[in-house]
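Copied from Swiss-Prot, the annotated features are:
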type: BINDING; residues: 8, 9, 10, 171, 210, 231, 232; note: substrate binding site
type: ACT_SITE; residues: 93; note: active site, electrophile
type: ACT_SITE; residues: 165; note: active site, proton acceptor
């Protein structure tokens with residue numbers, strides 16, 4: 001399966017640094033049949049990034065509102081996202097859930113706004129350290145996915161990318177063990193299999209959580225890992241490109 005390597009730049013960068021990043025990423029060589037790339041800049045830089053990257057690199061937004069139009073100061077709608085030429089959308093990132101109190105219902109409502117558009121939704125799920133240590137991992141992940149799996153058709157679900165990001169491994173430098181990643185991705189796939197076996201086999205499940213060049217090969221080689229959602233390591237073109245190179249090699253072998 002093609003690996004999907006995504007860069008979440010979060011609230012980082014300025015016009016100068018983003019121009020340098022785009023220039024660096026534009027230099028990396030990879031087989032587009034084996035690797036797909038997407039970047040998620042801050043919304044104010046989306047048009048700049050689209051204009052500075054090759055067409056083969058997807059560009060996405062980090063968040064939208066679930067309202068269509070109207071008096072919602074500061075918000076961005078799904079229609080606007082499509083209008084400016086975005087390819088991807090992050091939904092339900094752990095920082096949105098924890099810092100802005102986004103609920104599973106909010107995540108579903110946002111997903112529902114774009115599921116029938118040309119935009120690829122990347123739905124983020126993950127557990128806290130307390131959840132894992134108290135044995136609630138499976139319960140938490142199943143709950144986070146329940147509205148989505150119960151209310152979307154198989155055809156709609158097939159458009160979704162799922163990003164598993166253990167909250168305790170995001171921005172901390174702590175990485176889940178290979179065994180933990182593999183077991184969790186397999187569990188997520190088993191939830192999807194209850195809906196449709198073919199869906200479970202073909203849907204992309206990517207890993208996010210302190211993924212960087214030095215551990216990319218091991219993580220991306222796991223059988224149930226279809227790519228990565230990279231945070232801090234994506235802010236340096238050299239390191240992000242090395243992750244892309246590792247993904248390309250894995251898919252070539």
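Counting begins at 1 with the first residue displayed.
In case you wondered, yes, glycine gets a Cβ from its N, Cα and C as well.
Feature map: annotations from Swiss-Prot on the structure.
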residue	record	CB count, 10 Å
8	substrate binding site	26
9	substrate binding site	21
10	substrate binding site	18
93	active site, electrophile	28
165	active site, proton acceptor	25
210	substrate binding site	22
231	substrate binding site	24
232	substrate binding site	17
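In this structure the alpha carbons, written CA, of residue 9 (substrate binding site) and residue 93 (active site, electrophile) are 12 Å apart. Residue 8 (substrate binding site) falls within a strand segment according to DSSP. Residue 232 (substrate binding site) carries a helical DSSP state (H, G or I). When the Cα atoms are compared, the residue listed as 'active site, electrophile' and residue 8 (substrate binding site) turn out to be 10 Å apart. In three-state terms derived from DSSP, residue 93 (active site, electrophile) belongs to neither a helical nor a strand segment and is classed as coil. For the pair residue 232 (substrate binding site) and residue 165 (active site, proton acceptor), the Cα-Cα distance reads 14 Å. Calculated from their C-alpha atoms, the gap between the residue listed as 'active site, proton acceptor' and residue 210 (substrate binding site) amounts to 9 Å.
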